[in-house]
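Below is one structure, written out as structure tokens, with a few remarks after it.
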Amino acid sequence: MSPAIRIAGVTKRFRSLQALAGVDLEVAQGEFFGLLGPNGAGKTTLISTLAGLARADSGTLEVMGHDVVHDYRAARLALGVVPQELVFDPFFSVREMLRIQSGYFGIRNNDAWIDEILHSLDLTSKGDVNMRLLSGGMKRRALVAQALVHRPPVIVLDEPTAGVDVELRHGLWQFIRKLNRDGHTIVLTTHYLEEAESLCGRIAMLKAGRVVALDTTANLLQRFASHNLQVRLAAAVVLPEALAAQVVKCDGVDLELAFERFDDVGQLLAGLKSAGAEIVDMAIGKPDLEQVFVGVMNQN
Amino acid sequence: MEGFKTLLYKECLRFWKVGFQTVLSPVLTAVLYLLIFGHVLEDHVQPYPGVSYTAFLVPGLVMMTVLQNAFANSSSSLIQSKITGNIVFVLLPPISYREFYMAYVLAAVLRGTMCGLGVLLVSLPFASFSVAEPLWIVAFTLIGGAFLASLGVIAGIWADKFDQLAAFQNFLIMPLTMLSGVFYSIHSLPDFWQGVSHFNPFFFMIDGFRYGFFGVSDVSPWMSIGVVTVCFIVLAIITLQMLARGYKLRA
């Protein structure tokens, strides 16, 4: 079975900027894959080369085994892209736009599926409303609907929840999870790391056009993140050197100390006590993707 | 082909939805030209024997309207899509660059033809003229319209902002159409300017189109159709090359 996405040795330069500096990546069919990285890391450029919106200087990209250049028709039929920008055509209603988009992909009489998508995205009542009259959240959902009209096996969502309120974000998560359960391969780029952590089974992190980390979410959390002891002190104290080395965050009387095993917590508390610290509040933080992200970016 | 047909339908629907601006306004503008110039010059100018100035003016205005609106349609649609970003909806699907080109050009020719037909119909009460060679009229409408539609595709892709497109329109398209013999026969010009007019492809489009009505023209319609066809083929090749390379569309 061919991978849903195969990217091999892809480079792309925009004048003096090396946007992609040799990216190799495979996403298996049915995966929920996260593509993370700071602004300018190359995420959108990579998606653009995959979707045919940009052309790679070298390397190959395939969608469901179809080369995006030589076999572009099959590759594009297999791919649905939700662009990052909130773009729309102000001349058309939601339904007109979805019918037109279906036609672009060679599908006529697609109304039954369009109705289903509109229902799933809670847009049924907006079918005949002009795109420019929709709220930002509705436009975002309409963009998702547009990417789905041709039932693509691979769906790429480029920051679909950027600037979206919490309720809508959760609604979109649910919808995207359902798509994945139904067998669609999902590739998600996002700046909300908790979103990637809760949704993605595997994650690639990009920095300066290179993949700097690629593993399952669980492995990344295990390798790069540690638990934190979060304490609030009655007053700031000077910590001994050994204890200070474990401090990952210090904000006046609020401290965060990293530890590997739960057995180490007693030692940390004892160290704080002997340094004269009076603890007024305490919590234990789980390892999270933000730590992983910061760790990976700093390492590279 | 379904992608091409849908893109063609979308482009036609786009201009039809704003028909006041895209069809009725150009017709009104052309009819105003006809009324004003016809009124002022009717008794003073007779370009061809037995043809009144107003009758002479009608085919020129019809063709000018066809050409300007064919250009306006493809160029404005493309630049709007580029600036608003919704061009991605056409670039993401499996539509080839040839289908893309044909859809934009055909929609533009259709708009140009509708506008031209509108001018012709509204002109009927103001001038009496016959149709001597209808096939020439159809040929020049289609090839001239396609030429300007291609130019519109180039301008729409090349321009990064409306200002650049307006410059293209006002400093190239408008002077070339105005100086093409819409309002006069080039035989009324001094020799030098007659010679210069032969370097303006718009002159051949207007002159050949006018031949279809009166059976007389400044140059042979065969020469005009030859020049216009060659110009169109050259422009089509350039446009297709731009689209194949993804110039300013696919980074």
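Glycine too: its Cβ is placed from the backbone N, Cα and C atoms.
Per TrEMBL, domain 'ABC transmembrane type-2' is recorded for B:17-246.
Only residues 6 or more beyond the boundaries of the transmembrane segment (B:20-41), in the same chain, are considered here, and those with a CB under 8 A from a CB of the stretch are 53-54, 57-58, 61-62, 64-65, 68-69, 72-73, 111, 114-115, 118-119, 122-123, 126-127, 183. Under the heading transmembrane segment, TrEMBL lists B:20-41 (among others).
Here TrEMBL flags B:53-72 (among others) as transmembrane segment.
For the transmembrane segment (B:101-124), the residues of the chain that approach it from at least six positions outside its boundaries are 4, 7-8, 11-12, 14-15, 22-24, 26-27, 30-31, 34, 58, 61-63, 65-74, 77-78, 95, 141-142, 145-146, 148-150, 152-153, 236, 239-240, 243, judged by C-beta separation under 8 angstroms. Marked as transmembrane segment by TrEMBL: B:101-124 (among others).
Residues or ranges marked as transmembrane segment by TrEMBL: B:136-159 (among others).
Positions annotated as transmembrane segment by TrEMBL: B:171-189 (among others).
Positions annotated as transmembrane segment by TrEMBL: B:222-244 (among others). For the transmembrane segment (B:222-244), same-chain residues at least 6 beyond its ends with a Cβ under 8 Å from one of its own Cβ atoms are 97-98, 100-101, 136, 139-140, 143-144, 146-147, 150-151, 153-154, 157, 201, 204-205, 207-208, 211.
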Near the transmembrane segment (B:53-72) in space but 6 or more residues beyond its ends, with Cβ under 8 Å, are 22-23, 26-27, 29-30, 33-34, 37-38, 41-42, 44-47, 108-109, 111-113, 115-120, 123, 126-129, 140-141, 144-149, 151-152, 155, 169, 173-174, 177, 180-183, 185, 202, 205-206, 209-210, 212-214
